[in-house]
Amino acid sequence: EGNPYTWWVGKANEKHHYWGGSGPGIQKCACGIERNCTDPKYYCNCDADYKQWKKDTGMLSYKEHLPVSQVVVGDVDRPGSEAKVSVGPVRCQGDRNYWNAASFVTSSSYLHFSTFQGETSADISFYFKTSASDGVFLENLGNTDFIKLELKSATEVSFSFDVGNGPVEIVVRSPNQLNDDQWHRVNAERNVKQASLQVDQLPLEVRKAPTEGHTRLELYSQLYVGAAGGQRGFLGCIRSLRMNGVTLDLEERAKVTPGVKPGCSGHCTSYGMYCANGGKCVEKYNGYSCDCSKTAYDGPFCIKDVGAFFEEGMWLRYNFHSPGTSMKDLVSRTLLSSTDPEITGPDLNLSKEELSFSFSTTKSPCVLLYISSYTQDFMAVLVKPDGNLQIRYSLGGTKEPYNIDIDHRNMANGQPHTVNITRNGRDIILQIDHYPPASYSLPAASDIQFNSPKALFLGKVIEIGKIDQDIYKYNTPGFTGCLSRVQFNQIAPLKAALRPTNASSHVHIQGELVESNCGASPLTIPPMSAATDPWHLDSGFTAISTSIFISLFTASADFPYNGQAIGDGVNRNSAIIGGVIAVVIFTILCTLVFLIRYMFRHKGTYHTNEAKGAESAESADAAIMNNDPNFTETIDESKKEWLI
């Protein structure tokens, strides 16, 4: 049905269903493009489902989607079904000077190079980024001749020169601001016939050269990039400056020039959006990087899940205070609001918290996550015996914990699910998978402070003191499955356990923790009510469904809208009447078809208009010629040739 079992995840954390040798939007492999797949009914060799190994391979070359961060392979849980996946290295090719840049930090700073040799032709291109409204990009002077490129205003770029016939200026005016701290490209050309200037994708401005006069540009001074001759210089970044095909090394010259810095700060302004999931963009010498230290993710763009598989009986505890910290020291610190990266515990009294994680399991009941305290306060996320999810808050002020039950779907189905919980005072926002967020509110009698948080548990609760009775029951034998991207405020306990960080000393593990990405992101399913959801499980409903929603139903299946689901019977009667009418109409149509076929059934007779004299003619053509006296004239007429 076109729903793929397998995909890969690229740069922007998007799923892609095309493979090596194919292209974006084409759900095919190379053999599907070349029409030589093992089974012509499919567009990939691996779709043939043969008992022998089949292979699909090729290069992924669409740069905007690279690099590959994940490959998700499904349909391998059948007996005898296997898959092997290998991803080769990223290979980059192109101009290494593309990011050769310099930052001009004062209006009087400049770089100087040898005289520009552009007597009969000049081809100049570069990128700039600035928040200033004007400034000189570059200038080279002669006795009277000159060439200059400048930002005249926030919307104008000027290219001016003089080859001895008087100054010539070409101006490109942009409908948008050019001092928006974004990269803009300038391309200026001049030869003996014409000169042109283009900025970004704006229309090219062209000026014809005079038919008579001087044509050679004679320059003697050094080439100045930035301020020169007492003019207001350029404030901002210039990169990839090419003059007649030669890239000027701005970075090397900037290293020994006051007021100019090598590289260009501000990459994060243009590319910081790629640091996902709360990752912080960090400026670097000639680029940027993503700091994922305060997220539950990893990788160059903070999009790689950090997760682990928990076997039965395993558990992880993250202590909110460092080992050896006394209660007195703990009381004297405010941990959650601290910006110190070595302090990773939460505040003593939380009035708000954010919790997010992903999990997959087939066993219930179990404890997914539990946050204990030095008081009786706690927070827990549980899977109940029927597979439904429950969030439990106990903040004091009430006899029983406040429970949020997600009763309309089974979460212990082996599929990955995400949970996002945000509490601010009494208000709680809960989002499960890609369903719309739902709002809840703590009871009026409940406290809104989570007092003295102590530790966070994953998989099982091993805590001293009194534990809630239901949690105690769900605690045995423990969680079995996968947990990933676990984050509580700025704490990522699984990442602290699997990656050596300053917070690793806070973690204690029982059992062997095996890293896993838990398979895939959660399924994107449009929300629907239980009454209209054909996959909603009733007590008498049994289903076996795969990841593309192909299901087999047992004989005891009762689909929605059965007789018991309708109270007044009106809709049921309407459905019966409609069915009867449909049967009657179908019967009438069948009868009409039968009668029509009977009425027109008779012995066939036919009549031919044979030419006279056909009996004595040697052929049919001869009979026509003998019978039609005008045939000779027709032949003569047909011999005429017409030229159209």
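Cβ from N, Cα, C; glycine included.
As annotated by TrEMBL, disulfide bond applies to Cys237-Cys264.
Taken from TrEMBL, the feature domain 'Laminin G' applies to 100-264 (among others).
The feature domain 'EGF-like' is assigned by TrEMBL to 265-303. On the 0 to 100 pLDDT scale, the model's mean across the domain 'EGF-like' (265-303) is 81.
The domain 'Laminin G' annotation in TrEMBL covers 332-518 (among others).
As annotated by TrEMBL, transmembrane segment applies to 575-596.
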Which listed residue (Cys237, Cys264) has most other Cβ within 10 Å, given these are disulfide-bonded residues: Cys264
Folded-back contacts onto the domain 'EGF-like' (265-303), same chain, C-beta under 8 angstroms, at least six residues removed: 9, 11-13, 67, 69, 99-101, 103, 129, 181-183, 237, 251, 341, 356-357, 484-487, 490, 492, 494-495, 499, 501
Tally of DSSP helical, extended and coil residues in the domain 'EGF-like' (265-303): 8 helix, 12 strand, 19 coil
